[in-house]
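Structure, as structure tokens:
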């Protein structure tokens, strides 16, 4: 397709994590197991929450949505990556690359917003328990979740449209294992200074603001538990610490990658593994194995399945 005096790139070559065959087989095994854990763990959470009437509080409604987003997020990347690890030529069509970029930022930003809503839900439940049912009604939960998806969609549209308007006429080798904004726009045949700062102010600031809101919420929770409660203080501290650890694994790499000029820094594909692989694996572990109600419901579901 012609673009001015240039011929537009029709496909990109993904360089992946390594060009060594032995390492590619090792990566395939690791990522396949991680993808299977994400699918099985999050599907188990969704089925458990949907089938147990006791898990009908807003917290579990939001947890169910987080599990669905985690499945979507890892499915955008993992299947294609697993195929490429076994392929000699890791080519992806221009349209497919843009589609992957769009859906990655769509579900990724939606997850950031949802994690922020979940922190707000825990803040209301612990710091304002008498008003919890009035503030976090089912209607409010639906509005908040819908706002998360709408915010993710708007964010992704901005990133995608800014990428698509760039001319790609020469280099087509992406130094990553998936299509993302930083490595893609580096290949543009034009000055991207303004575009990259617009994208950084979008993705980077969203990551930073959501992370600061999360940390602030958990700080208020810990202060409230320390002042008001004596029993269960260490349990609350342990739970909050584990949640902060998970959101840190997700947000800090995103802040590091997106809140800076893309063209002046080398590829960060190894850091991307943290929020595309490790974080989706950790979410079901942290949000369920440390929750006695969910563990009891999973055990009841297991016993019902054994009967049949």
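Positions of Cβ are set from backbone N, Cα and C atoms, glycine also.
No curator has checked TrEMBL annotations; they are predicted automatically.
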TrEMBL record, transmembrane segment, of the ranges 168-190, 237-259 the matching one is 237-259
Of 2-24, 25-47, the range TrEMBL tags as transmembrane segment is 25-47
Give me the mean pLDDT over the domain 'G-protein coupled receptors family 1 profile' (41-287), rounded to a whole number. 86
